[in-house]
């Protein structure tokens, strides 16, 4: 009976970012300010791409989807974290914990595959410019986006399928502000070495391979642009450079977290904050700030909106 009672772990305790009340208040207002400023900009990017006929190209279609994915991704853990700053008992039920884990890996995986689709789009635009309009039709763009979502779902289901059947009999403290597979596995009352290795392959190895492939592909594209004589190659090179920046921002923290799942590292919490909250919302903004067309379109949309409000 005692053993059966031990396995009935129905909730986990989240230790959060800090135990000091003053630090918690500071972090709360800092993150809240960040969301109030940055989140509307991402929504504006989506509205601009959807509303401006001049941005009716696959590149901007993928950017709008990236912004949407990032908004969803940043809605998984921060609301709970912000609420916990004012809560004495920072707990999360086991079901909510699994749901949080699922959506984190679902949306994160989908974003990785979407970045691969964006790299494919740039390859066709730069290396096959005469066939670009024929190849990159709207239907193919939707298929690539759908494949990205399906890939993220498959990756996440594999994670959850292994974790959901693990026995938990205490302790139930997670030294972070959200649930992730690298920490939950440590609390299981069983030998998890094989499972950790499977998770490393499913997360760390896949992330690292995709990162290397994307860097190689963009390096080849930049070399092609440097040696070629096509018109608008400066603009294309700038777009590729922006994509490389986003790839580093997206993959850097993910590689840090998931390529060493067997041990804790000193900067785990700091990297987790940037990985789940800050960087995702910054991705579309970085792209936007380096793109004159979308900046002009955003200005036109805002002017049109305020003129209509004025009437």
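Cβ atoms are placed via backbone N, Cα and C, with glycine included.
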| Where TrEMBL places transmembrane segment among the ranges 170-189, 270-289 | 270-289
| query | So what's near the transmembrane segment (140-164) in sequence-distant terms, Cβ-Cβ under 8 Å and 6+ beyond its ends? | reply | 58, 61-62, 65, 98, 101-114, 116-117, 120-121, 181, 184-185, 195, 198-199, 202-203, 206
| message | Using a Cβ cut-off under 8 Å, which residues of the same chain at least 6 positions beyond either end of the transmembrane segment (270-289) come close to it? | response | 17, 31, 34-35, 38-39, 41-42, 45, 63, 66-67, 70-71, 73-74, 76-78, 104, 111, 176-178, 180, 242, 245-246, 249-250, 253-254, 256-257, 295, 298
| message | Below 8 angstroms Cβ to Cβ, which residues of this chain, lying six or more residues outside the transmembrane segment (25-47), approach it? | response | 17-18, 63-64, 67-68, 70-71, 74, 78, 81-82, 85-86, 277-278, 281-282, 284-285, 288, 294, 298, 301-302
| By a Cβ-Cβ criterion of under 8 Å, what residues six or more beyond either terminus of the transmembrane segment (197-224) are in contact with it? | 105, 112, 115-116, 119, 122-123, 126-127, 155, 158-159, 162, 181-182, 185, 237, 240-241, 243-244, 247, 251, 254-255, 258-262
